[in-house]
Every structure is written in C-alpha cells, then in structure tokens.
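One structure is given here, and the rest of the page talks about it.
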Amino acid sequence: MGKCYPEKMYATGAVGQTHFGASENGDMIEEGFIDDYMMPNLTAYNETCANLCNAMFSFRMLGIHGQAKYADIIELVMHNSGLSGISVEGKDYFYANPLRMLHNTRDYNAHADVTETPDREGYLACFCCPPNLVRTISNLSGWAYSLADNGVHVNLYGSNNLTTTMLDGSAIKLTQDTEYPWKGLVKLTVESCKSDAFDIALRVPEWATGATITINGEDAGVKATPATYAVLHRNWKAGDVIVIDIPMEATFIEGHQRIEEVRNQVAIKRGPVVYCIETPDLPDDVSVLDVYVKGDSELAVDYQPDFLGGTAIITADTYLRSREQGAMYTAVKKPDWQETRTKFVPYYAWSNRGTAEMTVFVPVVWK
Ligand SMILES: [Zn+2]
C-alpha cells in the first residue's frame, strides 16, 4: 500500500498551487508547483485541466502498476476538483479551482489572459478546460474497469453494464448497480462469462473502513483492506452476485501538521466527496471566514434529490463569530459566539446558486 496523497496535492485531488512562479532559469511562469506542504487555499490555481491531468496520469500509472492508490486519485479528482469545473446544469465553467473564495480581495484583471474567475462563466477566454472536462466525463466509463492477466479489476463504482473481452479472448458481461457515492452498497451481477476460474478484483477505497464483501449472500472470505484490490478468484457463473458494502461515514479530515494554511482547521469528507460551506447557506452578515466548526459535532447526512442536481448535504454544529474588520493585527478578545448548525454542500456543487463565497477548510473549536 502506498501513499494516496502526494505532498503537493489538495484534499480535492487538485494540483498546481500557484498562479505565478519562476522557472529554474528564473523566468516568470504561470501555473506553478511550489514546495511540498505549501498549500494556499484562496490563491490556489488548481486549473481544471491540471486536476484532470492528475486523473489521466493516475489512470496510466494504474495500467502499469495495478495499484489501487492510483484509482483512488481518479475517484477523488472526478468527484471533486475535476467535477467542480462545470456547473450542475452543465453550461458554466471554472478554470481555477481554489479551496476558498472571497470576493473583492484580489484583482482578477491584474494580468493578461486572466484565468481566475469569481463566478462560473459560460465562456472562458482560455477555453481548454470546458471541452477537456466534458470529454473526460464522456470517457470515464473507460476507466471504470481494467483487464488483468486472468480477470477484471473494478476501479470505479457507479451503475453501469460491462460488455468486454478478457485478455484470453473470452467474453464477459457484468452489471453494476449502486447509488454510489451517496450510498456505499455496490452490487455486481455476472451476466455471462467463461467457465474457467478467473479473478474479479474490487477496489477498496483508501478512506473505506469496515467494508465487507459477499458472494451470493455469503462472506467472500477476502479481507477488504483499504487502498488495495480485494481479489475474488473462483469459477464464476451467470447469476452470481457480488456485493461490496462500504460504510459512508461523514468524517472530519485534517491536513498534515506541516501544511500551515490548514493548521487548526478541518474539512468534511464523506466517501470520496469533499464538502464546503458557502454564503447562500449562511446568515446575510456572516462571512465564510467567521464560521468555526465544533470538533465533536454530529455530522447529519441528508440526501436531497431536488437540490443541486440531487446531492447529500451535511449539517454540523458551528459557532459564528461576529468580528469587526480589524487592523492587520489586534489584541484578542474572547469571541462572542453564536451557536448554530450550518449546512455543508459538496465542493463540486458550489457556485450554483449565484455569487457565493466558499471555504473547504474551517477552523475547529473543541469546548
Ligand atoms: Zn484548462
């Protein structure tokens, strides 16, 4: 098992920490990678194309090495920093995908060929990301399975039908039924296959603890270890049913202690989906910067079929802090907290309800 999160990758699978940097020759460049663990939220570039490239590169590495950690990155990008590049309606786009957005804090027109926008736009001056994203979504079914020496690897979960030819020339048909990522129950039915024994290998996501696998209702006898493929070897026949049941717990995540930009902050993740808060869900006079989350809060999950294209929202106990816009540094007074509960929405679905400010990481309070 290897590390799933390289030291320059965001919790959303995004890459490309800065808009500006310098080459080894000292020449000015746009779209830069900087030091490990240096992960700005507000000023991150995270171009949609760069995030998709992270998934594309991972698919090729998966083809070479067959390691689940690469499929984990594909899943992470496609549920978060790739998908955030397009609106729920499919008409408006982001070029940059920072993890925090505050308006009127940066001059978006300060440089030529501006690529960062505070709202999704129907047309981007540098129009690479929109077609790149829609073609990648269209091709994603081609990444769902891989062929191995004597079997099929299931890389990605989502309802589909597989009809393909294995490497020995034999035909196989599988059906996958699931409501993933909102539910972690995945049912695979063998529709037809060869009579000789072969492998069906299921990816166990790196975040999945307590997953179980059954075949025709009985324990498959294979441990579902996170960030590996669980290999099921047998003589399969039409009608065989494999079920992998992955608990979808909403959890707080924190960054490595060396990431200064998220120290004492947490984000919410459920399965592969990273959440954020945005201003349409806050009282009018509250900034996303003034929301603190209670560290031991219950995280309530509610699937809402008519909200943002059908999505699970999460609510958590929060404290709102009223604070005057201060000087650069001021003496600290004990905050006058307002206790409430705040809605978190999937990061990919932010900026679909008009102009909004947003943050993925939120300061945490333990009382
Ligand atoms: Zn692009």
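Note that Cβ sites are derived from N, Cα and C of the backbone, with glycine treated the same way.
Here TrEMBL flags 7-141 as domain 'Non-reducing end beta-L-arabinofuranosidase-like GH127 catalytic'.
If you look up TrEMBL, you'll see 152-248 marked as domain 'Non-reducing end beta-L-arabinofuranosidase-like GH127 middle'. Secondary structure counts, DSSP: the domain 'Non-reducing end beta-L-arabinofuranosidase-like GH127 middle' (152-248) has 0 helix, 50 strand, 47 coil.
Per-class residue totals from DSSP over the domain 'Non-reducing end beta-L-arabinofuranosidase-like GH127 C-terminal' (252-363), listed helix then strand then coil: 12 helix, 48 strand, 52 coil. According to TrEMBL, the feature domain 'Non-reducing end beta-L-arabinofuranosidase-like GH127 C-terminal' maps to 252-363.
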Stretch-averaged pLDDT - the domain 'Non-reducing end beta-L-arabinofuranosidase-like GH127 middle' (152-248): 98
